[in-house]
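In what follows, a single structure is set out as C-alpha coordinates and then discussed.
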Amino acid sequence: MLKKANAANIQNWLDKINTYNSTPDFGTTRVLFTECEIEAREYVKSEMKKLGLIVREDSIGNIFGTLVGSQPNLPLVWTGSHIDTVLNAGMFDGMAGVVGGMEALRLIKESGIKFNRSIEVVVYTSEEPTRFGLCCLGSRAMAGHLTLEDTKKLKDENEKTLESVLTDLGYDLDKFKDIQVKKGQVFGAIELHIEQNNKLEKKGLPVGIVKTICAPTNYSVEVIGCQSHAGGTSMEDRRDAYTASCEIALILEKLALKCNSEYNTATVGRVEVIPNAVNVIPGKVKFSIDIRDCEFETKTELIEELIKEIKKVEEKRGVEVNLIKENNDVPMKCDQTIVDILRESCEEKKIPYDMMISGAYHDSMFVGEFTPVAMIFVPSKNGISHSPDEWTDYEDIALGVDVLAKSLLELSNKEKL
Ligand code: GLV
Ligand code: MN
Ligand code: MN
(Lines of atoms letter the chains of each structure in order from A and count residues from 1; the text may use other names and numbers.)
(Lines give C-alpha, C1' and ligand atoms only; values in the text may rest on other atoms or scores of the structure.)
(Ligands and ions follow the chains in the order given, each with its own letter.)
Protein backbone atom coordinates (compact mmCIF):
# COMPACT_ATOMS: atom_id res chain seq x y z
CA MET A 1 0.00 0.00 0.00
CA LEU A 2 1.16 3.50 -0.79
CA LYS A 3 1.32 5.66 2.32
CA LYS A 4 -0.14 9.17 2.28
CA ALA A 5 2.19 12.01 1.39
CA ASN A 6 3.63 13.85 4.36
CA ALA A 7 2.84 17.60 4.27
CA ALA A 8 5.57 18.29 6.88
CA ASN A 9 8.20 16.69 4.64
CA ILE A 10 7.04 18.82 1.74
CA GLN A 11 7.13 21.93 3.89
CA ASN A 12 10.64 21.18 5.19
CA TRP A 13 12.02 20.78 1.69
CA LEU A 14 10.25 23.88 0.39
CA ASP A 15 11.36 25.97 3.37
CA LYS A 16 14.95 24.85 2.98
CA ILE A 17 15.00 25.51 -0.78
CA ASN A 18 13.52 28.92 -0.02
CA THR A 19 16.58 29.84 2.05
CA TYR A 20 18.52 29.95 -1.25
CA ASN A 21 17.16 33.34 -2.17
CA SER A 22 18.79 36.57 -3.31
CA THR A 23 15.85 38.80 -2.20
CA PRO A 24 14.84 37.43 1.24
CA ASP A 25 13.16 40.76 2.13
CA PHE A 26 10.78 40.66 -0.83
CA GLY A 27 9.75 37.23 -2.02
CA THR A 28 12.04 34.71 -3.61
CA THR A 29 14.53 35.36 -6.38
CA ARG A 30 16.62 32.47 -7.61
CA VAL A 31 17.98 33.20 -11.05
CA LEU A 32 19.67 30.53 -13.15
CA PHE A 33 23.27 29.77 -12.16
CA THR A 34 23.54 32.58 -9.62
CA GLU A 35 25.10 31.64 -6.29
CA CYS A 36 21.82 30.82 -4.55
CA GLU A 37 20.51 28.81 -7.49
CA ILE A 38 23.70 26.74 -7.59
CA GLU A 39 23.40 26.16 -3.83
CA ALA A 40 19.75 25.10 -4.24
CA ARG A 41 20.83 22.63 -6.94
CA GLU A 42 23.41 21.13 -4.60
CA TYR A 43 20.83 20.88 -1.82
CA VAL A 44 18.27 19.15 -4.05
CA LYS A 45 20.90 16.72 -5.34
CA SER A 46 21.97 15.87 -1.79
CA GLU A 47 18.34 15.29 -0.72
CA MET A 48 17.80 13.07 -3.76
CA LYS A 49 20.81 11.01 -2.73
CA LYS A 50 19.44 10.72 0.83
CA LEU A 51 16.28 9.22 -0.70
CA GLY A 52 18.43 6.59 -2.40
CA LEU A 53 18.10 8.05 -5.89
CA ILE A 54 20.94 7.85 -8.38
CA VAL A 55 21.75 11.42 -9.37
CA ARG A 56 23.14 12.65 -12.67
CA GLU A 57 23.21 15.97 -14.53
CA ASP A 58 23.39 16.68 -18.27
CA SER A 59 25.38 19.36 -20.10
CA ILE A 60 22.83 22.14 -19.56
CA GLY A 61 22.32 21.32 -15.89
CA ASN A 62 19.09 19.31 -16.05
CA ILE A 63 19.23 17.16 -12.91
CA PHE A 64 17.90 13.58 -12.81
CA GLY A 65 17.28 11.51 -9.66
CA THR A 66 16.52 7.89 -10.52
CA LEU A 67 14.60 5.35 -8.47
CA VAL A 68 15.62 2.12 -10.16
CA GLY A 69 12.80 -0.22 -11.08
CA SER A 70 12.84 -3.98 -11.55
CA GLN A 71 13.20 -3.52 -15.32
CA PRO A 72 15.62 -0.63 -15.62
CA ASN A 73 16.14 -1.14 -19.34
CA LEU A 74 12.56 -0.19 -20.16
CA PRO A 75 11.79 3.42 -21.11
CA LEU A 76 11.62 5.57 -17.98
CA VAL A 77 8.80 7.37 -16.25
CA TRP A 78 9.46 11.03 -15.43
CA THR A 79 8.15 13.58 -13.01
CA GLY A 80 9.61 16.94 -11.97
CA SER A 81 9.63 20.69 -12.55
CA HIS A 82 12.05 23.59 -11.93
CA ILE A 83 13.71 25.46 -9.05
CA ASP A 84 14.62 28.76 -10.74
CA THR A 85 12.26 31.70 -10.28
CA VAL A 86 11.21 35.02 -11.75
CA LEU A 87 12.25 38.16 -9.86
CA ASN A 88 10.51 38.53 -6.46
CA ALA A 89 8.54 35.34 -6.90
CA GLY A 90 6.97 32.95 -4.43
CA MET A 91 8.31 29.68 -3.04
CA PHE A 92 6.04 27.21 -4.88
CA ASP A 93 6.16 27.81 -8.65
CA GLY A 94 8.29 24.91 -9.87
CA MET A 95 9.57 23.88 -6.46
CA ALA A 96 6.24 22.20 -5.55
CA GLY A 97 6.72 19.84 -8.51
CA VAL A 98 10.33 19.01 -7.67
CA VAL A 99 9.65 18.42 -3.99
CA GLY A 100 6.35 16.70 -4.86
CA GLY A 101 8.22 14.35 -7.19
CA MET A 102 10.76 13.56 -4.47
CA GLU A 103 7.99 12.85 -1.96
CA ALA A 104 6.18 10.62 -4.49
CA LEU A 105 9.36 8.62 -5.07
CA ARG A 106 9.86 8.29 -1.31
CA LEU A 107 6.32 6.91 -0.96
CA ILE A 108 6.83 4.44 -3.79
CA LYS A 109 10.19 3.29 -2.43
CA GLU A 110 8.96 2.86 1.13
CA SER A 111 5.78 1.05 0.06
CA GLY A 112 7.82 -1.95 -1.09
CA ILE A 113 5.43 -2.32 -4.07
CA LYS A 114 7.15 -3.77 -7.12
CA PHE A 115 7.51 -1.32 -9.98
CA ASN A 116 8.99 -2.13 -13.35
CA ARG A 117 10.14 0.99 -15.14
CA SER A 118 12.62 3.22 -13.33
CA ILE A 119 11.11 6.52 -12.22
CA GLU A 120 13.06 9.77 -12.38
CA VAL A 121 12.47 13.12 -10.80
CA VAL A 122 13.84 15.76 -13.15
CA VAL A 123 14.82 19.33 -12.29
CA TYR A 124 14.66 21.20 -15.59
CA THR A 125 17.13 24.03 -16.11
CA SER A 126 15.68 27.55 -16.20
CA GLU A 127 12.01 27.15 -16.91
CA GLU A 128 11.77 30.89 -16.30
CA PRO A 129 13.21 33.27 -18.89
CA THR A 130 14.60 35.54 -16.15
CA ARG A 131 18.30 35.39 -17.03
CA PHE A 132 18.51 34.72 -20.76
CA GLY A 133 15.10 35.99 -21.95
CA LEU A 134 14.06 32.56 -23.22
CA CYS A 135 12.00 30.10 -21.20
CA CYS A 136 12.40 26.34 -20.66
CA LEU A 137 16.09 26.18 -21.55
CA GLY A 138 16.59 22.64 -20.25
CA SER A 139 13.46 21.05 -21.66
CA ARG A 140 13.79 23.06 -24.90
CA ALA A 141 17.26 21.54 -25.38
CA MET A 142 15.88 18.07 -24.57
CA ALA A 143 13.32 18.55 -27.36
CA GLY A 144 16.06 19.65 -29.76
CA HIS A 145 14.98 23.30 -29.98
CA LEU A 146 18.04 24.76 -28.25
CA THR A 147 21.38 23.91 -29.85
CA LEU A 148 24.95 24.57 -28.80
CA GLU A 149 24.97 27.35 -31.43
CA ASP A 150 21.95 28.93 -29.71
CA THR A 151 23.80 28.96 -26.36
CA LYS A 152 26.44 31.16 -28.02
CA LYS A 153 23.79 33.71 -28.98
CA LEU A 154 21.76 33.83 -25.76
CA LYS A 155 23.10 36.62 -23.56
CA ASP A 156 22.23 37.82 -20.08
CA GLU A 157 22.05 41.50 -19.13
CA ASN A 158 25.84 41.56 -18.62
CA GLU A 159 26.34 40.26 -22.18
CA LYS A 160 27.56 36.91 -20.86
CA THR A 161 26.51 34.05 -23.12
CA LEU A 162 24.83 30.90 -21.87
CA GLU A 163 27.70 28.98 -23.45
CA SER A 164 30.31 30.81 -21.38
CA VAL A 165 28.28 30.45 -18.18
CA LEU A 166 27.98 26.69 -18.74
CA THR A 167 31.70 26.41 -19.57
CA ASP A 168 32.72 28.40 -16.47
CA LEU A 169 30.64 26.05 -14.33
CA GLY A 170 32.38 23.02 -15.80
CA TYR A 171 29.53 21.59 -17.90
CA ASP A 172 30.86 19.43 -20.72
CA LEU A 173 29.64 21.11 -23.90
CA ASP A 174 31.19 18.38 -26.05
CA LYS A 175 28.25 16.31 -24.80
CA PHE A 176 25.63 18.98 -25.58
CA LYS A 177 24.04 16.74 -28.23
CA ASP A 178 23.38 14.08 -25.59
CA ILE A 179 20.88 16.40 -23.87
CA GLN A 180 18.36 15.72 -26.61
CA VAL A 181 15.92 12.98 -25.66
CA LYS A 182 14.85 10.64 -28.42
CA LYS A 183 11.27 9.47 -28.77
CA GLY A 184 10.88 6.15 -26.97
CA GLN A 185 13.55 6.88 -24.35
CA VAL A 186 10.94 8.11 -21.87
CA PHE A 187 7.65 6.24 -21.47
CA GLY A 188 5.62 9.14 -20.08
CA ALA A 189 5.87 12.14 -17.76
CA ILE A 190 3.67 13.78 -15.14
CA GLU A 191 4.45 17.27 -13.78
CA LEU A 192 2.89 18.53 -10.58
CA HIS A 193 2.60 22.33 -10.42
CA ILE A 194 0.70 25.05 -8.61
CA GLU A 195 -2.30 26.27 -10.61
CA GLN A 196 -1.35 29.99 -10.83
CA ASN A 197 -5.03 30.83 -11.36
CA ASN A 198 -8.03 30.89 -9.04
CA LYS A 199 -10.30 28.31 -10.64
CA LEU A 200 -9.63 25.47 -8.17
CA GLU A 201 -9.98 27.79 -5.20
CA LYS A 202 -13.26 29.20 -6.51
CA LYS A 203 -14.66 25.68 -6.86
CA GLY A 204 -13.14 24.50 -3.57
CA LEU A 205 -11.26 21.69 -5.33
CA PRO A 206 -7.83 20.40 -4.24
CA VAL A 207 -6.66 19.05 -7.59
CA GLY A 208 -6.77 20.00 -11.26
CA ILE A 209 -5.88 17.79 -14.21
CA VAL A 210 -4.53 19.71 -17.17
CA LYS A 211 -5.83 18.99 -20.65
CA THR A 212 -3.83 21.62 -22.60
CA ILE A 213 -0.79 23.79 -21.82
CA CYS A 214 -0.89 27.24 -23.43
CA ALA A 215 2.29 28.25 -25.22
CA PRO A 216 3.85 31.70 -25.42
CA THR A 217 4.92 33.84 -28.33
CA ASN A 218 7.28 36.55 -27.17
CA TYR A 219 8.43 39.71 -28.90
CA SER A 220 10.93 42.36 -27.98
CA VAL A 221 9.57 45.63 -29.31
CA GLU A 222 11.45 48.85 -29.98
CA VAL A 223 9.47 51.98 -30.75
CA ILE A 224 11.49 54.89 -32.16
CA GLY A 225 9.96 58.35 -32.08
CA CYS A 226 11.58 61.75 -31.65
CA GLN A 227 13.13 62.82 -28.35
CA SER A 228 12.22 66.42 -27.72
CA HIS A 229 11.27 69.14 -25.20
CA ALA A 230 8.11 68.40 -23.14
CA GLY A 231 7.10 72.07 -23.04
CA GLY A 232 8.52 73.37 -26.28
CA THR A 233 7.11 70.75 -28.62
CA SER A 234 3.41 71.32 -29.45
CA MET A 235 1.07 68.39 -29.08
CA GLU A 236 0.47 68.11 -32.83
CA ASP A 237 4.20 68.09 -33.61
CA ARG A 238 5.39 65.29 -31.40
CA ARG A 239 6.37 61.74 -32.24
CA ASP A 240 6.11 60.32 -28.75
CA ALA A 241 7.47 56.76 -28.51
CA TYR A 242 5.74 56.19 -25.18
CA THR A 243 2.17 57.10 -26.17
CA ALA A 244 2.64 55.01 -29.33
CA SER A 245 3.73 52.10 -27.11
CA CYS A 246 0.70 52.60 -24.87
CA GLU A 247 -1.56 52.50 -27.92
CA ILE A 248 0.04 49.23 -29.03
CA ALA A 249 -0.41 47.77 -25.53
CA LEU A 250 -4.10 48.74 -25.54
CA ILE A 251 -4.63 47.29 -29.03
CA LEU A 252 -3.02 44.08 -27.84
CA GLU A 253 -5.35 43.97 -24.84
CA LYS A 254 -8.40 44.55 -27.05
CA LEU A 255 -7.36 41.80 -29.47
CA ALA A 256 -6.82 39.34 -26.62
CA LEU A 257 -10.19 40.18 -25.08
CA LYS A 258 -12.06 39.62 -28.33
CA CYS A 259 -10.13 36.46 -29.34
CA ASN A 260 -12.47 33.49 -29.27
CA SER A 261 -10.01 30.83 -28.20
CA GLU A 262 -10.94 28.78 -25.11
CA TYR A 263 -8.10 30.46 -23.22
CA ASN A 264 -5.65 33.16 -24.24
CA THR A 265 -3.76 36.06 -22.66
CA ALA A 266 -1.59 38.98 -23.75
CA THR A 267 0.78 40.99 -21.58
CA VAL A 268 3.21 43.86 -21.80
CA GLY A 269 5.32 43.11 -18.74
CA ARG A 270 8.62 44.95 -19.22
CA VAL A 271 8.88 48.55 -20.35
CA GLU A 272 11.96 50.74 -20.72
CA VAL A 273 11.39 54.40 -21.50
CA ILE A 274 14.30 56.37 -22.93
CA PRO A 275 15.51 58.80 -21.64
CA ASN A 276 12.92 58.44 -18.83
CA ALA A 277 12.86 62.06 -17.69
CA VAL A 278 9.96 64.25 -16.49
CA ASN A 279 10.40 66.99 -19.07
CA VAL A 280 11.50 65.01 -22.12
CA ILE A 281 9.23 63.40 -24.71
CA PRO A 282 10.41 59.78 -24.89
CA GLY A 283 12.41 59.18 -28.07
CA LYS A 284 12.59 55.44 -27.67
CA VAL A 285 10.68 52.77 -25.77
CA LYS A 286 11.58 49.12 -25.50
CA PHE A 287 8.99 46.68 -24.24
CA SER A 288 8.06 43.03 -24.18
CA ILE A 289 4.99 41.31 -25.57
CA ASP A 290 3.89 37.93 -24.24
CA ILE A 291 0.97 36.25 -26.00
CA ARG A 292 -0.39 32.87 -24.87
CA ASP A 293 -3.06 30.64 -26.30
CA CYS A 294 -4.21 27.04 -25.98
CA GLU A 295 -4.49 26.93 -29.80
CA PHE A 296 -1.65 27.82 -32.15
CA GLU A 297 -4.04 28.93 -34.91
CA THR A 298 -5.92 31.55 -32.88
CA LYS A 299 -2.61 32.83 -31.52
CA THR A 300 -1.27 33.20 -35.06
CA GLU A 301 -4.41 35.09 -36.15
CA LEU A 302 -4.11 37.47 -33.21
CA ILE A 303 -0.45 38.14 -34.06
CA GLU A 304 -1.29 38.84 -37.71
CA GLU A 305 -3.95 41.36 -36.65
CA LEU A 306 -1.59 42.97 -34.16
CA ILE A 307 1.06 43.46 -36.84
CA LYS A 308 -1.51 45.15 -39.12
CA GLU A 309 -2.61 47.44 -36.29
CA ILE A 310 0.99 48.32 -35.42
CA LYS A 311 1.52 49.48 -39.04
CA LYS A 312 -1.41 51.88 -38.58
CA VAL A 313 0.10 53.23 -35.33
CA GLU A 314 3.41 53.80 -37.14
CA GLU A 315 1.70 55.85 -39.84
CA LYS A 316 -0.59 57.76 -37.54
CA ARG A 317 2.08 58.68 -34.97
CA GLY A 318 5.17 58.96 -37.19
CA VAL A 319 7.10 56.36 -35.22
CA GLU A 320 9.06 53.31 -36.29
CA VAL A 321 8.27 50.00 -34.62
CA ASN A 322 10.75 47.12 -34.72
CA LEU A 323 9.39 43.75 -33.65
CA ILE A 324 11.85 40.97 -32.80
CA LYS A 325 10.24 37.55 -32.39
CA GLU A 326 12.00 35.76 -29.53
CA ASN A 327 10.02 32.53 -29.65
CA ASN A 328 6.78 31.16 -31.03
CA ASP A 329 5.98 28.02 -29.07
CA VAL A 330 3.31 25.45 -29.73
CA PRO A 331 0.61 24.55 -27.16
CA MET A 332 0.76 21.01 -25.83
CA LYS A 333 -2.23 18.68 -25.55
CA CYS A 334 -1.87 16.33 -22.62
CA ASP A 335 -1.94 12.60 -23.33
CA GLN A 336 -5.43 11.14 -22.92
CA THR A 337 -4.23 7.83 -21.44
CA ILE A 338 -2.16 9.54 -18.74
CA VAL A 339 -5.01 11.98 -18.11
CA ASP A 340 -7.27 8.95 -17.59
CA ILE A 341 -4.75 7.43 -15.18
CA LEU A 342 -4.77 10.70 -13.21
CA ARG A 343 -8.58 10.76 -13.15
CA GLU A 344 -8.72 7.17 -11.94
CA SER A 345 -6.14 7.90 -9.23
CA CYS A 346 -8.25 10.85 -8.03
CA GLU A 347 -11.42 8.78 -8.09
CA GLU A 348 -9.84 5.88 -6.23
CA LYS A 349 -8.51 8.24 -3.58
CA LYS A 350 -11.82 10.12 -3.48
CA ILE A 351 -10.04 13.38 -4.28
CA PRO A 352 -12.36 15.74 -6.16
CA TYR A 353 -10.82 17.32 -9.25
CA ASP A 354 -11.57 19.38 -12.32
CA MET A 355 -10.17 19.36 -15.85
CA MET A 356 -8.43 22.58 -16.83
CA ILE A 357 -6.27 24.54 -19.23
CA SER A 358 -2.90 25.83 -18.09
CA GLY A 359 -2.50 29.49 -19.00
CA ALA A 360 1.09 29.32 -17.74
CA TYR A 361 3.64 27.35 -19.73
CA HIS A 362 5.63 24.53 -18.24
CA ASP A 363 8.55 22.28 -19.14
CA SER A 364 5.93 19.63 -20.00
CA MET A 365 5.19 21.76 -23.09
CA PHE A 366 8.58 20.67 -24.53
CA VAL A 367 8.79 17.28 -22.81
CA GLY A 368 5.49 16.49 -24.55
CA GLU A 369 7.31 16.66 -27.88
CA PHE A 370 9.22 13.45 -27.16
CA THR A 371 6.98 11.61 -24.70
CA PRO A 372 3.32 11.66 -23.61
CA VAL A 373 2.76 14.15 -20.78
CA ALA A 374 0.10 15.22 -18.31
CA MET A 375 -0.02 17.61 -15.38
CA ILE A 376 -1.52 17.80 -11.89
CA PHE A 377 -2.41 21.23 -10.52
CA VAL A 378 -2.83 22.16 -6.86
CA PRO A 379 -4.63 25.38 -5.83
CA SER A 380 -3.01 28.79 -5.66
CA LYS A 381 -4.37 31.09 -2.93
CA ASN A 382 -6.26 33.95 -4.61
CA GLY A 383 -4.85 32.69 -7.91
CA ILE A 384 -1.68 34.71 -7.28
CA SER A 385 1.68 33.57 -8.64
CA HIS A 386 4.94 35.19 -9.82
CA SER A 387 4.59 37.29 -6.69
CA PRO A 388 5.79 37.20 -3.08
CA ASP A 389 2.08 36.62 -2.23
CA GLU A 390 2.07 33.26 -4.02
CA TRP A 391 0.80 30.57 -1.66
CA THR A 392 -0.34 26.94 -1.78
CA ASP A 393 -1.21 24.95 1.34
CA TYR A 394 1.20 22.11 2.03
CA GLU A 395 -1.75 19.77 2.62
CA ASP A 396 -3.00 20.50 -0.91
CA ILE A 397 0.43 19.71 -2.35
CA ALA A 398 0.34 16.47 -0.34
CA LEU A 399 -3.00 15.52 -1.94
CA GLY A 400 -1.52 16.25 -5.36
CA VAL A 401 1.44 14.04 -4.45
CA ASP A 402 -0.89 11.19 -3.48
CA VAL A 403 -2.37 11.37 -6.99
CA LEU A 404 1.11 11.69 -8.50
CA ALA A 405 2.60 8.72 -6.63
CA LYS A 406 -0.30 6.43 -7.53
CA SER A 407 -0.18 7.51 -11.18
CA LEU A 408 3.62 7.16 -11.48
CA LEU A 409 3.31 3.64 -10.14
CA GLU A 410 0.62 2.86 -12.73
CA LEU A 411 2.81 4.23 -15.52
CA SER A 412 5.84 2.33 -14.26
CA ASN A 413 3.97 -0.97 -14.48
CA LYS A 414 2.14 -0.25 -17.73
CA GLU A 415 3.24 -2.04 -20.88
CA LYS A 416 2.17 0.55 -23.40
CA LEU A 417 0.31 3.82 -23.63
C1 GLV B 1 6.02 30.46 -16.50
O2 GLV B 1 6.45 30.84 -15.47
C3 GLV B 1 5.14 31.26 -17.28
O4 GLV B 1 5.43 32.46 -17.47
O5 GLV B 1 4.10 30.75 -17.70
MN1 MN C 1 6.75 30.65 -13.34
MN1 MN D 1 6.61 27.03 -13.16
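A Cβ is built for glycine as well, from the same backbone N, Cα and C atoms used for every other residue.
In TrEMBL, the Zn(2+) 1 site is described by D93, H193, and among H82, H229 the residue recorded at this site is H82.
According to TrEMBL, the residue from E120, E128, E415 that belongs to the Zn(2+) 2 site alongside D93, H386 is E128. With a CB cut-off of under 6 A applied against ligand 2, the binding-site residues H82, D93, H193 are reduced to D93. Taken through DSSP, the domain 'Peptidase M20 dimerisation' (219-315) splits into 41 helix, 28 strand, 28 coil. Remark: of the binding-site residues H82, H193, H386, the most isolated position is H386 (fewest other Cβ atoms within 10 Å of its Cβ). Taking a Cβ cut-off of under 6 Å from any atom of ligand 3, the binding-site residues D93, E128, H386 reduce to D93. The separation of H82 (Zn(2+) 1 binding site) from E128 (Zn(2+) 2 binding site), Cα to Cα, is 9 Å.
Over all protein chains present, the Cβ of D93 (Zn(2+) 1 binding site) has 28 other Cβ atoms lying within 10 Å.
On the backbone, the CA of D93 (Zn(2+) 1 binding site) and the CA of H386 (Zn(2+) 2 binding site) stand 8 Å apart.
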